[in-house]
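Asker: So that we are looking at the same thing, I have put the structure below in structure tokens.
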Amino acid sequence: MYGIEYTTTLTFLILLVLLNYILKSITRIMDYILYHFLLFIVIVTPFVNSQNYGINLPITGSMDTNYQNVSNPEPFLTSTLCLYYPVEAETEIADSSWKDTLSQLFLTKGWPTGSVYLKSYTDIATFSINPQLYCDYNIVLMKYNANSELDMSELADLILNEWLCNPMDIALYYYQQTDEANKWISMGDSCTIKVCPLNTQTLGIGCLTTDTTTFEEVATAEKLVITDVVDGVNYKINVTTTTCTIRNCKKLGPRENVAVIQVGGSNILDITADPTTAPQTERMMRINWKKWWQVFYTVVDYVNQIIQTMSKRSRSLDSASFYYRI
């Protein structure tokens, strides 16, 4: 009987020792795996660029987010610059490698190869239909033309400011502008805008709401129109909707990642005459040179000084999104 008890006790002790050994072995294996995993994470982390995700926060006001101005002479290694110019510049220069030359010149000012994009446009009117300013910093060169001075002024007002816009259903509703910052912006191949002011009985003032030929014409066959009417008055609006779209917009403030350089002309455009526009002449400047090579040399030479008057933004102007919210 005692032999059986001794055997049982011995068996129990052996199992206990064996279990203890197994647990220690498992612990050592887990420690080995964990330590090596942590070592792998430490080694790999510096080479991985990942996005941190958090809760969704409500967006209010403008979707543009400004960053602190770059105020030191170090190279702009993480920024992009778009330079927009009329296509006539390419015709005059007539050099297939001129962009490579400019790229090398920008490199001397701290802009790495590949960070500067040169984009041409046909003319101011065409550029007004679909302005797309995608880079961190955007500089638009406008050659002065007395016949398109008003088009240049409206385009400058559009791209140098942030706008919050909503669609307008002019077939069903009357509209009024609530304050000086409230404008109607139209874009398209051909925009003819007519308005009929209404009295408190919704009868036309000097016009018939049922006859568009009696409406007051404020724009004729233009590609970009920023319409300003008397505040607090309802209007019946007529627009060539087949070739033009119209939006009810609110000017939010300056779009500080855009600068406009006027090339030539005896007068410099001054959009600050608009009471809704804060002084921003630093981002509206003029270069008086006849040859485009001289213009580009000047831009390269002063690019960093121009950038100092601007602020980097996370979002830039795209006319498709502009119509709804910027």
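Numbering starts at 1 and runs along the chain as displayed.
Just so you know, glycine gets a Cβ as well, placed from its N, Cα and C.
The annotation signal peptide is assigned in Swiss-Prot to 1-50 on the grounds of sequence analysis. Per Swiss-Prot, N-linked glycosylation site is recorded for N69, N238, and the stated evidence type is sequence analysis. Under the heading disulfide bond, Swiss-Prot lists C82-C135, C165-C249, C191-C244, C196-C207, citing sequence analysis as support. Sequence annotations record features per position, and here Swiss-Prot assigns Ca(2+) 1 binding site to D95, G206, T214, E216. Sequence annotations record features per position, and here Swiss-Prot assigns Ca(2+) 2 binding site to Q177, D228, V229, D231, D301 based on sequence analysis.
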Asker: Take the C-alpha atoms of D301 (Ca(2+) 2 binding site) and C82 (disulfide bond) and report the distance between them in angstrom, rounded.
Answerer: 16
Asker: If H, G and I count as helix, E and B as strand, and all else as coil, what does DSSP give for D231 (Ca(2+) 2 binding site)?
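Answerer: The three-state answer is coil.
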Asker: Taking the Cβ of Q177 (Ca(2+) 2 binding site) as centre, how many other Cβ atoms lie within 10 Å?
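Answerer: Summing over all protein chains shown, Q177 (Ca(2+) 2 binding site) has 20 other Cβ atoms within 10 Å.
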Asker: To the nearest whole angstrom, what is the C-alpha distance linking V229 (Ca(2+) 2 binding site) and C165 (disulfide bond)?
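Answerer: Answer for this pair: 17 Å between alpha carbons.
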Asker: How many whole Å apart are the CA atoms of D231 (Ca(2+) 2 binding site) and C165 (disulfide bond)?
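Answerer: Between the Cα atoms of D231 (Ca(2+) 2 binding site) and C165 (disulfide bond), the distance comes to 17 Å.
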Asker: Within 10 Å of the Cβ of C196 (disulfide bond), how many other Cβ atoms can be counted across all chains shown?
Answerer: 23
Asker: Please identify which of C165, C244 has the densest Cβ environment, defined as other Cβ atoms within 10 Å, among these disulfide-bonded residues.
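Answerer: By the 10 Å Cβ neighbour count, C244 comes out on top.
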Asker: List, in sequence order, the same-chain residues at least six positions removed whose CB sits under 8 Å from that of D95 (Ca(2+) 1 binding site)?
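Answerer: Non-local contacts for D95 (Ca(2+) 1 binding site): T101.
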Asker: What three-state secondary structure does DSSP assign to Q177 (Ca(2+) 2 binding site)?
Answerer: coil
Asker: Would you kindly give the Cα-Cα distance separating N238 (N-linked glycosylation site) and Q177 (Ca(2+) 2 binding site), rounded to the nearest Å?
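Answerer: Rounded to the nearest whole number, the Cα-Cα distance is 16 Å.
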Asker: Of T214, E216, D228, which binding-site residues are close to C207 (disulfide bond), meaning a Cα within 10 Å of its Cα?
Answerer: T214, E216
